[in-house]
Amino acid sequence: MATLLSPFSPSPLAKVSQIIDSTSSPSFSLFPLGRQNACSRKADHHHHHRIRTSKFGNFLELTPESVPEFLDFDLPWFHPSDRIRYDVIIIGTGPAGLRLAEQVSSRHSVKVCCVDPSPLSTWPNNYGVWVDEFEDIGLVDCLDKTWPMTCVFINDHKTKYLDRPYGRVSRNILKTKLLENCVSNGVKFHKAKVWHVNHQEFESSIVCDDGNEIKASLIVDASGFASSFVEYDKPRNHGYQIAHGILAEVESHPFDLDKMVLMDWRDSHLGNEPYLRASNLKLPTFLYAMPFDSNLVFLEETSLVSRPVLSYKEVKSRMAARLRHMGIRVKRVIEDEKCLIPMGGPLPVIPQSVMAIGGTSGLIHPATGYMVARTMALAPALADAIAECLGSTRMIRGRPLHQKVWNGLWPIDRRCNREFYSFGMETLLKLDLKGTRRFFDAFFDLNPYYWHGFLSSRLSLAELAGLSLSLFGHASNSSRLDIVTKCPVPLVKMMGNLALETI
C-alpha cells in the first residue's frame, strides 16, 4: 500500500513512500507506505501519451513538473591515491545505507565508505511513518507534516477512525541529518556505480564503473530490490504491491485536513465501469490520501498485494475513475510515482559474504509494505554487531564476521516473526474485495496494542499468536469462513518454515 511517498525540501510539497535503499531507485508503500527501488517518479512524456484517453480524465495527460534536485553539501570524497583499506563499504546512499553508515561510523572509529552514482541527489520517493515510530528513534524532527488521526473507509457505510498520528518524512531534512552525522564521523563517499563485488577469505573489494577498486573487510548492499550482489537459494515467490501516486494541486478535495486517509476501500466510483468493477471485486485497490491543505494533496491508488502483479494501467484507470467520482479536478501534477514493491518471499542466504540492509535484505513488511521506520530502528543493532567484529582489537573477519552481522539483523526470533507476517501476506492474497473489507473491519477493531504492533513489526511470536486468536474473535462469521477455508495451506507452510528455522 503505499506507505510508502517522495523527497522534497521541507516545503508542503513532500510526499511519503517506503523504499529506502538506493538514491536512484525510488519506491513507496502504504503501510508506509515505506517501498524501495520499485517506486519511481515519472516524467516520461511518452509514457503518459501511451495510456492517454479522455475516458480516464485529464490528470493522466498532465506532465509532472518536478525535476531531479541535489543537496548543496560538501562531502569528503574517496581518493584512490590514499590507498585506504576500509572496514565497511556501503553500496547505496538511500535511507537504509546512510542510516547504517551514520550508526556504524560512530562506533570505535570504524572506517566507512559509501558508494553511489549520485550521493547528493534528493531521494525520489516519499516516506510515510507512524509518528510514534520516529519518536522512539529520535527522528521526529525529520517529519514536516503530521496528522493527528488516520481513517479507513471500509465501505460506503462504515469508516474506522484511528487514534494514531501519522507523519510525512521530510526527505531533505532526514538525508541532510544523516549526511551531517556521517561526515562528522569520518565517512568517505565515492560517486560511482558498483559493477562487481569480489571476495577473498578475509577481505572483499568492489570494482566501480570508473575503474576504481576499493577494499574493505565487509561489503553492505543497500542499493535496493534490483541488486544482484545478494544471493538467494530459494525461488523468490514475491507478492507485489503496485501503486500510482500523484502530488497534485486540485481545485478542491473532500478530505478532512486533520485526518490522513490510510485506506479507502469504497468502490462506488466504479458503478459506470463494469469491467473495472468486476476486476476490482477480485483484485481490489484502495486510495491512500495525504491532504496538506485545501488545494494540495497526495493521492495514491494501491494494490495491497497480488501475485502476479496487477497491471499498472489498470491501477491508473481505477484511480482516474475514483477521482472523477469524488469530484477531484487536478490542476497540476507536481510529482507522480509508480511504485512496485516485492513483498514476502525468502530471505537471502544467511550468512553470505555480502551483508544487506533495506529492500534487498528482506526487511520490508511482507503484509503491508512498510520498511523505512523499521530499517531506521534496526540499523543501530546491526552497527553494534559490525563494530563488535571490526571495531575491536580482535578484528573478526571472514565467515565469523558474516555470521555475526547476518544474525545481528536476522536473529532466530525475527526470522520466525517474519514467517508469521508472510502468512498474513499469503492470506491477503486469497481475499477478494468483500473478504478484504471484512478482514480490515476486524483488524482495526483489535486492541491498539495488537494492530499498532503488527503494522510496526513489534510483536513477539507469542503476541502474534494472540493477535490471531483475537482477530478470529472479532471477525464476522463470513470472515471466519474465509479464514477456515483459505488459510490452511498458508498456515501449514508457515508451520513448516517455523520448524525449519528452529531446527
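Counting starts with 1 at the first residue shown.
Glycine too: its Cβ is placed from the backbone N, Cα and C atoms.
These figures come from a predicted structure and were not determined experimentally.
Taken from Swiss-Prot, the feature NAD(+) binding site covers 88-117. Other Cβ atoms within 10 Å of the Cβ of Leu100 (NAD(+) binding site), summed over all protein chains shown, number 30. In the three-state DSSP scheme, Leu100 (NAD(+) binding site) is classed as helix.
Taking Cβ-Cβ distances under 8 Å and a sequence gap of 6 or more within the same chain, the neighbours of Val88 (NAD(+) binding site) are Ala101, Val104, Val110, Lys111, Val112, Cys113, Ala216, Ser217, Leu218, Ile219, Val220, Ile386, Leu390.
Under the DSSP three-state reduction, Val112 (NAD(+) binding site) is assigned to strand.
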